Amino acid sequence: MEAAVVGAGGAGLTRWQAAALSAVAGWVWAASFYDLTRRARALVQPWVTRRVHAETTAILRFQRLQHKLLDNFFSVLSCVVSVPFYTGFLPLLFWSGHGKLARQMTLLMAFCDYLGNSVKVYHLFIIQLKDIVSAPRPCSPPVRRVTATEDEKENAMEYGLPSSHALNTVCLMGYLLHYVLAFGEHGSVMVAAGLSLAFLLVMLVGIARIYLGMHSLTDVIAGIGFGFVILAFWLAVHDHVDAFVVSGQNVASFWAGLSLLMCFAYPKPEFPTPSFEYHTAFNGVAFGIVYGIQQTYFHFHTPDAPLIFSPQLPLLAFAGRVLVGIPTILVVKFCSKALSKWLLPVMCSTLGIPIASSCYVPALKVDNSKSKPDAKQGVGYLQRVFSLFPQKAYNVDTGIRFVQYASLAWSVVDLVPAIFTHLNL
């Protein structure tokens, strides 16, 4: 058994956990001190931008196929493989008895979101491409851009390379195929059919992103390429990650420290985009899932948990779970947001941490005419510590968003299954 580290190394943490957190913290400091994001962007952005502009003519030729049916088909396909769809689907996986698949896909999605949107930005040993490169999407006009939903309109505000839809489709469909083939009976015909369907979906998603004017061919190829790299890495480590989440030492405290550092380990884009908001949300979801699984694994999430369509969990009972579970997690999300909007500013003010708010707390909205944080927040030890970092004030909205999504995820794997047990669902 590994010896625990005490004192400055982190009370209760094992040596490798303290070393991992120290390495991440060191990387955050080094990236900020040496301005690595700007340096990496200066090397990559000009080339990517030239490629995107050069491909505009090819995109325009492809879009001559314009037809209302194609618009609708590719718009629906993009929604089906979008992050909100996957997010809404994950609670159903937990409640259907496929706990390992659900928690692995949750952590993989958070991992993809971090790395994919970072490359739009960057940090943590692997360049987070989108925000780091800060490469433009195809110019619209002349390219026709189809944004049928609010989610697509927000996606259009992000940078281009790599295509998150292509990256996520490769990773999540690849892992789902691996799970099905690894834990079920299958022959060569089923393997061939699964690979063919996955390949077809990835190709259709790539074509859809170009047809809709959301990405260039370079963006799509980069998304698919990074997707295969991330998938290969995840297949190599997923069993170790799951074993740690289920039965490791100090899992909650280690993941809490990692989640805090991940809020800082995110590159600053050339111009603001929604990417960091998505990163914060999935960071919270990952922590909520990990914490909840740690607390309740042997009660609700073991391999012996009843599976959907089995005598222990018929379709009608599963429908009852959905009808009870969805409203419950939405209420938890609403209440946790309201509580954190009140509590976090009070805590930060008491501790002397300089904060501001971009949308959640009107009283803390940044006044550009002021060059210094509000003096009423006081000057304490923590404020002197935070003054060592480049920000003058920290956006409390990040903490509020993290808490509400962590609470929602915790309720999916802890609170709601407890209600199911009470109701015999």
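Yeah, the Cβs are placed from backbone N, Cα and C, and that goes for glycine too.
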*Between 14-36, 313-335, which stretch does TrEMBL give the note transmembrane segment?*
313-335
*For the transmembrane segment entry in TrEMBL, name the matching range from 114-131, 276-293.*
276-293
_Mean of pLDDT values spanning the domain 'Phosphatidic acid phosphatase type 2/haloperoxidase' (111-235)_ = 75
*Taking 166-183, 243-264, 313-335, 342-363 as candidates, which has the most Cβ pairs under 8 Å with the transmembrane segment (73-95)?*
313-335
*Does the transmembrane segment (220-237) make contact with the transmembrane segment (166-183) through 3 or more Cβ pairs under 8 Å, each pair 6 or more apart in sequence?*
yes
*Under a Cβ pair cut-off of under 8 Å, which of the recorded stretches 166-183, 313-335, 342-363 contacts the transmembrane segment (189-208) most often?*
166-183
